[in-house]
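Below is one structure, written out as structure tokens; the observations come after it.
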Amino acid sequence: MTYSIEKITTLIGAHRYGENESDVAFILTDSRSLCFPEETLFFALQSDRNDGHKYIPELYRRGVRNFVVAHVPADWAERYPEADFLEVADTLTALQRLAERHRDEFDIPVVGITGSNGKTMVKEWLYQLLSPERFVTRSPRSYNSQIGVPLSVWLMDAHTQVGIFEAGISKPGEMEALRKMIRPTIAVLTNLGAAHQENFGSMEDKCREKLVLFRDARTVVYNADDALVSRVVREANLPGEPIAWSRQDANAAFYVSNVEKRAAMSVVSYIYKGVAGSYSLPFIDEASLTNSIICAAVALQLGLDRETLHRRMGELEPVAMRLEVKEGQHGCTLINDSYNSDINSLDIALDFMNRRPDHQGRRRTLILSDIYQSGEAPEALYKEVSDLALKRGVEKFIGIGPQLCAQAKEIQVSEKFFFHTVEQFIHSEVFRSLHDEVILLKGARKFGFDQLTELLVNKVHETILEVNLNNMVKNLNHYRSFLKPTTKLVCMIKADAYGAGSVEIAKTLQDHRVDYLAVAVADEGVTLRRNGITANIMIMNPEMTAFKTMFDYDLEPEVYSFRLLEALIKAAEKEGITDYPVHVKLDTGMHRLGFDPVADMEQLIDRLKHQNAIIPRSVFSHFVGSDSDGFDDFSARQFALFEAGSSRLQAAFDHKILRHMDNSAGIEHFPERQMDMCRLGLGLYGVDPCTNAILHNVSTLKTTILQLRRVPAGDTVGYSRKGRIEHDSVIAAIPIGYADGLNRRLGNRRCYCLVNGQKAPYVGNICMDVAMIDVTGIDCREGDSVEIFGDHLPVTVLSDVLETIPYEVLTGVSTRVKRVYFQD
Ligand SMILES: *Cc1c(COP(=O)(O)O)cnc(C)c1O
């Protein structure tokens, strides 16, 4: 489905500059995701942090011709002769308006889903239940925001028979815009939880806001067992037919009369509109159960016959939300995306791969299974796959499944291979010869991609550090929200990004356009450069022996003493380098490193003025206690000293020297001292240094139970017979020890880990590679997962026991523990 630019001008009420006729099929809001320039309409969105108008020159150069803008560039006719600019008062509103008008084209059932949890799962399961015969258009992944919803709604096309869209809000007033775009015929509230409560007066206020989605829906689906939700729905006097589900009220439209949990499945009996039925579900957890009930109610409402519903419920697959990045064998990196296979999620995964830089030479390979998407002819579908793969830089294509084999000619990637099954691929020469590639694995579970991934990843020691990149970005945005749009940001990724792994963290930060990355030593910077990081990099502890390396790799050193300054100037002069950027550190009270902001300034300025090998790019100092009110007077003195010293330096030069002092705690505690730039460290990794609370948890250290044994009262566990067993106990051995970073002082019941959500104390001395934990009374098996710290057990619990700071625990996780990265 395409729209002429003339039609779009009318639909969004724009003033048009330019008269080039063209048709638009794609909408773009993020310039980095450009794929098909000729048919793309770019919306120059503006936020506090960024302005899409900045990217117009680059996008024009890359072939984009249609732009929705808030202000037309000066002399547009000369600079962009082939372009059309549609000028509107507000570009986000225009994007939403276009989605609304697009929605008007469809007189089909549309399901709108809101709620604090479960939106994506319900959406994906509904898709699994309906898609075998109906062409469903749904939000890709969790595109449910003010920008994500219009992009999702835009995906509906002539084939679409059912739309399923998520609506996510975080503030009052947001739902109305989403409702107007989705205009659900069936509106669903999955549940009401605590998320985003800080922005709402009460739970009731939040509930009312979410229920704005219900306003004109023909059917509204909600949980009758939640008294608050029920009451608010009643009071809202909605015109739609209420389909309340309940496990208590036999009069509810969808009454769940019984739930029977067996070993690995549940059987749900229900009465829907007076008729009894039952289905089995291959899950037993409560969340899955609730989500299945919602899906059943909606699917029946959409006219799916019961027999089909019951059968497909039994075949539901788990919804993998994550894109994982793992080290593979033979120099490969694996990006594993087992999220339902369809063209939109394929595009998102390809975009992710394409945006992550890689060092020279590694090919980008796509391993893809057949895509089931009813309603589209396979030729057209796989031609589209091929176009996407080519545009997103795929150099090698491996197709698995009968459909792909049949459509092999549609795939235009030069190096391509096809196999009917994963088995055949695994036994082929193509599989054996995979090496030094970045591999995106995108395949449906039923093709056995799990098995494939297992073979391709490095055999890991069962202990891993899971790093949640989404949450890191949330933390980044949290701290950015304290900053003025013009304030720059340095992200501290020293000590291997506080243990999280600097390369992948740097790739994500670079993609989010942070201004500087900072590492401790030159080698850390070299590693980043070798992995394709092009962002500015600062070296905080430059070694005198590494100046040449820094010049070669464009790494900008900190200078903190005259000795270092002289050596650096000499080294730069020897290489014939001029104006090499450096960062001057002043000591305002830490008394660690730095020039004296009073006594040294004259000599420092004089020396810098009488050479041209290096120039000061920034000047900075570090607070001693920005995390605590108790040091506010001292901090003020530090700041005054810094202001005076840095002003003298600036006054001596014509070019702008960036001034910075705030670290994570400083950003929060004294945002008024943000100056030109801030340095974000611990906060990025999810620990609020002021309160020790966890913002969005980034790192989770996990392991598995190796062995379980019963130990009778009176026996001991571990070295030196330290672990005395008082009562008959069950003891589990886990493959993590002090050599992995599990501090020995946590042993002897001073701390605990979590096994299936329950606390299991460390028993006896922690060994080098293994520890023993007490799991008496905990339902667990060998192979079960154990959380050392992370999502459910804050790292600060460990650091408190150890009487240290979370920094030490995070950076102590040894490099032999594999890092696994994921993002939704
Ligand atoms: C590590 C470091 C930071 C970051 O500190 P956090 O407390 O982790 O935010 C800032 N500045 C300098 C000079 C640092 O060494």
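Each residue's number is its place along the chain shown, starting with 1.
A Cβ is built for glycine as well, from the same backbone N, Cα and C atoms used for every other residue.
What TrEMBL says about this one:
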ACT_SITE  Lys494  active site, proton acceptor
MOD_RES   Lys494  N6-(pyridoxal phosphate)lysine
BINDING   Arg592, Met768  substrate binding site
DOMAIN    698-822  domain 'Alanine racemase C-terminal'
ACT_SITE  Tyr719  active site, proton acceptor
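In sequence order, Gly737, Tyr738, Ala739 are the residues near Met768 (substrate binding site), counting only same-chain partners six or more apart with C-beta under 8 A. By neighbour count, meaning other C-beta atoms within 10 Å, the densest spot among the recorded positions Lys494, Arg592 is Lys494. For Tyr719 (active site, proton acceptor), the same-chain residues lying six or more positions away in sequence with a CB closer than 8 A to its CB are Gly764, Asn765, Cys767.
Between Arg592 (substrate binding site) and Lys494 (active site, proton acceptor), the C-alpha separation comes to 17 Å. Under DSSP, the residues of the domain 'Alanine racemase C-terminal' (698-822) split into helix, strand and coil as follows: 22 helix, 44 strand, 59 coil. Following the DSSP three-state reduction, the secondary structure of Arg592 (substrate binding site) is coil.
Averaged across the domain 'Alanine racemase C-terminal' (698-822), the predicted model reaches a pLDDT of 95.
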